[in-house]
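Annotated in TrEMBL:
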BINDING   10, 11, 12, 18, 19, 155, 156, 157, 195, 202, 203, 204, 205, 206  ATP binding site
BINDING   143  L-tryptophan binding site
MOTIF     11-19  motif ''HIGH' region'
MOTIF     202-206  motif ''KMSKS' region'
Ligand code: TRP
């Protein structure tokens, strides 16, 4: 079983060593694990909340995509896409908005911080606050819930947003009486140390103490490392590695053995200038090949665009059926199915026909069944079961499922029905897509009828 891990990368600013060590590197390592199904995306709709400078938005998206790819993200293994390429995300945002308590959003840290600041300054509480900032947590919930993500790796500052996503998901599930959404969990990497910056405080853009990852090349990297603040011990005097930002940064890149050797060198009195050169060379050994890949990617933006399109295609293959299911569940349905869906599905009149299952033994000895509509049309053919009990158990589940809860994926001109993430039955191939889509409505109606009968 794979765990679906999803995270968003806000496309503002230029990545620094702290971002690399704290987010990019561990996310790429996780994406290589066989038990992880990773979804990484650029949160460019979120970026619009922070910036209204089109050039900056454009530049940042390109740089960040190139950085992740250069750092080793394999788009064949990971679903890597742009939020703004997935129209199902804003669509879901609205569905979620309509079940989200305004009071919940009032309590969001980012919004509250703006209000507090305004109050301090004697301004109107909402001065300068856009509805975008206010809605930030709902958009983020849609990012996560559209894909049924189980784990969401984030920094501590984002934990509240994940809790809100859970709240919103639960509220939706409750209102519409089904477990539509998996409840996501925040994944906080405990081992990943936060990297100190030039002044020893946490490396952060807001402290202006960052070391750039790729921007400015090797020269800029070296020059910035030379500005790391140290104590005034002279060459020859023993240095304390454990109170040194320089050593902590080194450790984030080096092996145990390399760190032990560097520790010894400091304790034996290596000069700070020389120590910084050692640090620079160690980081540059990791960064140089990345920088080379980065330059070649940045030179071919069309190739990056292509990778992101492919990612969006993969992502939408999951989000689109999910949204179709939700539309149906909340009542945004084709008019043709209105009467059958209104309130509870209507039971066939006494003596009237109802959908029915027919079990049979296949030529290879396995057990299968078909589902026929009330009119006798074949709706589904099950997969083969070795055991008739297993086939019976699936029929039993289908009887109580109901149309809205059925997970149905399109497979060119047919549909696949899934139960608990496993494909269990197929429709026949239809002549064209409209016929297939009509059959989808039909099938949902049949499932509703079965469920209504079961609950009688
Ligand atoms: N808000 C996140 C941050 O600033 C970025 C983000 C947007 C995100 N959507 C997400 C993270 C969904 C995880 C899941 O870091």
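Keep in mind that glycine also has a Cβ here, set from the backbone N, Cα and C atoms.
Heads up, TrEMBL stuff is auto-annotated, nobody curated it.
Non-local neighbours of the motif ''HIGH' region' (11-19) in the same chain are 42-44, 47, 50-51, 56-57, 60-61, 63-64, 67, 194-195, 197, 202-205, 210-215, 249, 252, 283; each lies 6+ residues outside the stretch with a CB under 8 Å from one of its CB atoms. Only 10, 143, of the binding-site residues 10, 12, 19, 143, 203, place a Cβ under 6 Å from an atom of ligand 1.
In this structure, the binding-site residues under consideration are 10, 12, 19, and the one with the smallest number of other Cβ atoms within 10 Å of its Cβ is 10. Residue 203 (ATP binding site) has a Cβ environment of 23 other Cβ atoms inside 10 Å. The separation of residue 143 (L-tryptophan binding site) from residue 156 (ATP binding site), Cα to Cα, is 18 Å.
Sequence-distant neighbours of residue 195 (ATP binding site) (same chain, 6+ residues apart, CB-CB distance under 8 A): 17, 18, 21, 22, 202, 203, 248, 249, 252. Separation of the C-alpha atoms of residue 19 (ATP binding site) and residue 143 (L-tryptophan binding site): 21 Å, rounded to the nearest whole number. The full span of the recorded ATP binding residues, 10, 11, 12, 18, 19, 155, 156, 157, 195, 202, 203, 204, 205, 206, taken as their largest Cα to Cα distance, is 21 Å. Taking H, G and I as helix, E and B as strand and the rest as coil, DSSP gives the motif ''KMSKS' region' (202-206) the counts 2 helix, 1 strand, 2 coil. Residue environment of residue 205 (ATP binding site) contains 14 other Cβ atoms, counted within 10 Å of its Cβ in all protein chains. By the criterion of other Cβ atoms within 10 Å of the residue's own Cβ, the least surrounded of the binding-site residues 143, 156 is 156.
Rounded to a whole number, the C-alpha distance linking residue 10 (ATP binding site) with residue 143 (L-tryptophan binding site) is 12 angstrom. The helix, strand and coil residue counts that DSSP assigns across the motif ''HIGH' region' (11-19) are 3 helix, 1 strand, 5 coil.
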